[in-house]
Amino acid sequence: MEFIRIDGSYGEGGGSLLRYAIALSSVTMKPVEIYNIRVKRANPGLRPQHLNAVRALARITEATVEGDEVGSTALRFIPRKRAGGSFEIDIGTAGSISLIIQAILPACISSEEEISLRIRGGTDVPLAPPIDYMAEVFLRNMAPLGVRAELKLLRRGHYPRGGGIVELHASPSKLFPIDKVRGEKFDRVLGRCHAVKLPRSVVERISSSAIDTLRKEGLRVEIEEEWSEDGHLGPGAGIVLWTDSNPRIGADELGEKGKPSEVVGKNAASKLLDEIKAGMAFDSHMGDMIIPYLALARGRSRVGISKLTLHAESNIWLVERFLPVKFIVQGGVGSPTVIEVEGAGLEL
């Protein structure tokens, strides 16, 4: 059996490379061997949050997996089929649900049947896009490419206890190329600010700070305030903002102990303003996540992203090892960048 061999230490050498390698293996049905997994890190090898993505995709593709244990620096993944049906994934504690969705969505839309997943874990946690970003920005922006998927938030989960619940429904999807380089005009900035098991004033202060910062730039703003004392294991708070353009541009900020609510709102608004001022169609989060879909859509795509990240650069390198494509990148890490590729397409 021939494996695609991936050096897990390439680029940042983190968990993102592992997740996308398993995702691409699941879509293409090509066995993959990943070595040097997180060897640059203080705690090298697989961590529990990485194993969650591997095992979730193994269930969906009925894969054979070797080396799937905490601390392992090498892993083999051999997918068998693109299965449909209903699955439950319990990440445990506050592992990011959004990062699991990043890994499994390409396989879900490549399946021959509809897939429904109920995922438990963290919805709003550090170092990962919040679930509201995934629903209101990522999936909204992926719809014109042909991605047929929707998210339903049932309960929020924050670090360190998690306990969030999200449902993902995905249908077989034919992907289309896109040409979106420059940022589109928009009428309003929309958003959702939440606080759970915290005083109501927290959500009000975060929202007011974001609104004030954006209105000083002459923007119309509407932010939904979500406050509850439900069965959430909490506490936690955060805000996600987005333009009503097509594509949407988004930004976010999490609350944390010791960070004033006003700073949370102002930081999110400032991040959004920076994304808008870059003048590109997609924000930097989208730039990280859209790469595989461009390669899987048959035909030429061209997109502009506000800032090329090391994650996006690594994803380009990785995709070129699975698919017969070559990306053209005009720009560089940390700068507005135009990415072009002749997508290979994927026959379902």
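Cβ atoms here come from the backbone N, Cα and C positions, even for glycine.
Annotated active site, tele-AMP-histidine intermediate per Swiss-Prot: HIS311, in sequence order, evidence recorded as sequence analysis. The ATP binding site annotation in Swiss-Prot covers GLN102, HIS285, MET286, GLY287, ASP288.
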Quick note, MET286 (ATP binding site) and HIS311 (active site, tele-AMP-histidine intermediate): C-alpha atoms separated, nearest Å, by 11
Students should find that the Cα atoms of HIS311 (active site, tele-AMP-histidine intermediate) and HIS285 (ATP binding site) sit apart, in Å rounded to an integer, by 9
Between the recorded positions HIS285, HIS311, the one whose Cβ has the fewest other Cβ atoms within 10 Å is HIS311
Note on ATP: the CB centroid of GLN102, HIS285, MET286, GLY287, ASP288 has further same-chain residues inside 8 Å, namely PRO129, PHE138, PHE282, ASP283, SER284, MET289, ILE290, THR309, HIS311, ALA312
Cβ neighbour count (10 Å, all chains) around MET286 (ATP binding site) is 26
Quick note, GLY287 (ATP binding site): same-chain residues at least 6 apart with CB under 8 Å of its CB -> VAL303, ILE305, SER306, LYS307, LEU308, THR309, ALA312, THR337, ILE339
